[in-house]
Each structure stands twice: as structure tokens, then as C-alpha cells.
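Pulled from TrEMBL:
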type	residues	note
REGION	1-106	region 'Disordered'
COMPBIAS	1-13	compositional bias 'Basic residues'
COMPBIAS	21-43	compositional bias 'Basic and acidic residues'
COMPBIAS	44-56	compositional bias 'Acidic residues'
DOMAIN	72-149	domain 'Casein kinase substrate phosphoprotein PP28'
COMPBIAS	93-106	compositional bias 'Basic and acidic residues'
REGION	138-160	region 'Disordered'
């Protein structure tokens, strides 16, 4: 419901343009485009040089950066290097995470080497456990052999 006698925008009348007025506007626009095209042809070389300078400036600063000069000492600007300036043979400095990862891998390899040689505490404990298990299995195998021989001897007596 409308408040206090105010009406909404939906009931307003519509305005239509005259076809003659539209034709006049179209002609004026064409004339402007043609005159601008003629000027471009005459000074194309000088515009190419200035446009390349403008493009480099617009690439450097986009948006509000061109309007406001910022002096932030903490802001690190991204400097793009040319391919000729990049030195591929120079050693690349590793980040802290990369250094830690490489160090971790090397220590793990060192540990596995010592483990396989049996020089670590865990390897000694594993070898001791294996020795106990081998003894138990040998004893169990001997008992089975003895039981088998006893059964064969009993069967031989029963057949006689």
C-alpha cells in the first residue's frame, strides 16, 4: 500500500522517440565516426608510438593506483625480468620448507641404511625378536617330527 498519497513508478506514461529524431542522431554519429577515422589515418605513426607508451603505463598501474601515489615501505613490487637477464645456471635459493623437506628425506635415508645394517636400536630389537621366533619355530618343528615318528612307530606295531 502506498504511504501518504505517494504513488509508485509503475503507472507512469511512456515516451516514444520520433523516427525523424532517431535518423538525425544516427547521421550525426556516422559523421563523427568518419571524421575520427580520417584523423587516425593521417597520424597513425605518431599515435602508435604514443599508444605503446600509454599501454606500458597502464600495465604498470591499473585502477586507482594511477591516481594515488603509494609509498609503503612494506610493499614488495613484483619486478618482471627479461629472458635475457634470467641466469639459469645460477643456484636457486631454497625456501625454508624445501630445505626442511630435503633434510628430512636425507635423515630418513640415513636411518634406513643404518637400520638395514642392524646398527639402530629398533633394528637390534627386531633381530632379537626374529631370533626368538626362529628358536620357537625350530622347537615346534622338532616336536612335530617326534610326534610323527611316534605315530609311525605305533602304526608299524599295529600292523604287525
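Just so you know, the numbers here start at 1 and follow the chain as drawn.
From the backbone N, Cα and C atoms, a Cβ is placed for every residue, glycine too.
Just so you know, TrEMBL annotations never went through curation; they're auto-generated.
Across the residues of the domain 'Casein kinase substrate phosphoprotein PP28' (72-149), the predicted structure has a mean pLDDT of 88. Per DSSP, the compositional bias 'Basic and acidic residues' (93-106) is made up of 11 helix, 0 strand, 3 coil.
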